[in-house]
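**Student:** This is the structure, below, for whatever I ask next.
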């Protein structure tokens, strides 16, 4: 027998217009629901173009929508959600194909494509897709209602969404089973085999008289339709709106280098506001993000502040912005979100890396910090105010004299820059490697490695100032730009071919942020620089076995995507690495980022202590990092957490310098 089926079987074809009328009403209601939210987004007056580089955006959108790669980063719930999504997507595509044949190709061109082998495959794929969707939805139901992950918000929207989805899927199979009981099972068994799930439901109705089958089928067909249309209507008025807003947010993603933040035009005499105090100071994208949020709390689960008993929840910050935009747009956001929450952020980007909705948490916090610092003169503590004053006078947070900045290099083969100096790289040392005794050892180790590789190194010495990253991340854009402009002028004046840093924060700032201020010299972190020297055979290391665990610094890992090179260098030096549970993209912050290196940590468990405890769990005797902030925090965390004797903090450069062949 021919492999196909009658579309709208047992449905009065004269009433099909009723179906389309209600479908039009449902789609119109859905469109209106989204349309009424547009004025909320338009409250954001900060100009922002997120439709530039459109082909790149479309590729990112398609990859995110179909691959679900970010959803799958959390294995169990990610798998449940992704497979449910794929199953439901296939069912939606299958419905569109039916509409295409029934309303376009058949009546207009007399072409029927749902037949033969294509129809057999179509039936099998949709049956399996529906089964997968039901099973995955069941798993999600068990997780939310019985497992109840800590902190997962549950509301009436969740009850409605799960009930509608489950009812749509089950009634779809029952309707299919009723049709198959009358047209395929026992009549065309070869075709029935291609709809195995529908066939199982159909067995329930074999032997039922035609009148009851017909009546039940008609009732459930219309019931299934109205459930689906109710679902469509509910989308913009409930958290189901993320079905639309989340995929679209992939189209609006930030294509700038990770961690980019707008550079304020401080010379704009007409500017009345710096940073964000009210929703109108945000961009439309910042006000769209809350609608894209799925409330999955992944950002909260990864936040080092939240995980050490502090009030900051990235999810709640985003949702609070949305609530204010919807209800009280003139409210002071810094008071609503609270200063404690804003100052607790370490800008580690763990929230953004794990977010499946492409929400930009960090910059929202930084913009509100700018308002606090530039408009209100507010900082997280007196110790930060002292550091800011030291930056202004001495160009470093310690208040040390300029003349002492290059003293660490005495006795080393390092050129203090002057016109015409012949160097291969300029080493931008940074404040901690210049003045902190522990980190001076790292600076000396790096220079020794360069010397061994025949690399001529120069430094600015007393002409170097802080790169400006800590003040900038604490909202003090004015101080940042002043120091940055001076550094740029000095470095460009010497015409150096390349800049290398040992500090990831300096690296990120010089390589990316300084670009907005006209800096165009290549910048590299010492990790990749030394890795290249080893690969080229210019730097030779001897392998001396040692055990360690490696900490992925936020500004090396999540910001710059440098994960493999430090591990390969440790391996070349003889290292056997035991990874911590939170590593690579999932690495747990040391607590120093976002300017927190300057501030006392007064709430909850100290983040550095929590990270040292993770290192202790590996039983490795050595905690290796490649960041002066991390090294400083780990030295303190080991002492504060009572871990002395069980683990020692080392920098990668020190280990390599001890193994120069």
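Yeah, the Cβs are placed from backbone N, Cα and C, and that goes for glycine too.
Any TrEMBL annotation is an automated prediction that lacks curation.
Straight from TrEMBL, here's the annotation block:
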TRANSMEM  14-35  transmembrane segment
TRANSMEM  83-102  transmembrane segment
TRANSMEM  122-147  transmembrane segment
TRANSMEM  159-179  transmembrane segment
TRANSMEM  219-237  transmembrane segment
DOMAIN    284-314  domain '4Fe-4S ferredoxin-type'
DOMAIN    335-365  domain '4Fe-4S ferredoxin-type'
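Are these features on the surface or tucked inside, and what touches them?
**Tutor:** Cβ atoms under 8 Å from those of the transmembrane segment (83-102) belong to residues 7-8, 68, 71, 111-114, 122, 125-126, 129-133, 136-137, 140, 165, 172 of the same chain, restricted to positions at least 6 beyond its ends.
Residues 5, 9-10, 88, 91, 127, 130, 133-134, 137, 140-141, 144, 195, 197-205, 213, 216-217, 220-221, 223-224, 227-228, 230-231, 234, 238-240 of the same chain lie 6+ residues outside the transmembrane segment (159-179) yet bring a C-beta within less than 8 angstroms of a C-beta in it.
Residues 37, 40-44, 46, 48, 50, 74, 77, 149, 151-153, 239, 241-242, 245-246, 248-249, 252, 321-323, 325, 338, 340-341, 344-346, 348, 350-361, 363-364, 367, 586, 588-589, 591, 603-607, 610-611 of the same chain, all 6+ positions outside the domain '4Fe-4S ferredoxin-type' (284-314), place their C-beta atoms under 8 angstroms from a C-beta of that stretch.
Within the same chain, residues 64, 68, 70-71, 73-74, 242, 245-246, 249-250, 252-254, 258-259, 261, 276, 282, 285-286, 289, 292-294, 296, 298-305, 310-314, 317-318, 320-321, 324, 372, 378, 380, 473, 554, 558-559, 585-589, 591-594, 596, 599, 603, 607 sit at least 6 positions outside the domain '4Fe-4S ferredoxin-type' (335-365) and bring their C-beta atoms closer than 8 Å to a C-beta of that stretch.
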**Student:** Grab the same-chain neighbours of the transmembrane segment (219-237) for me: Cβ-Cβ under 8 Å, and only residues 6 or more beyond its ends, written as numbers and ranges.
**Tutor:** 10-11, 19, 22-23, 25-27, 29-30, 32-34, 36-37, 160-161, 164-165, 167-168, 171-172, 174-175, 178, 243-244
**Student:** For the domain '4Fe-4S ferredoxin-type' (284-314), what's the mean pLDDT in this predicted model?
**Tutor:** 97
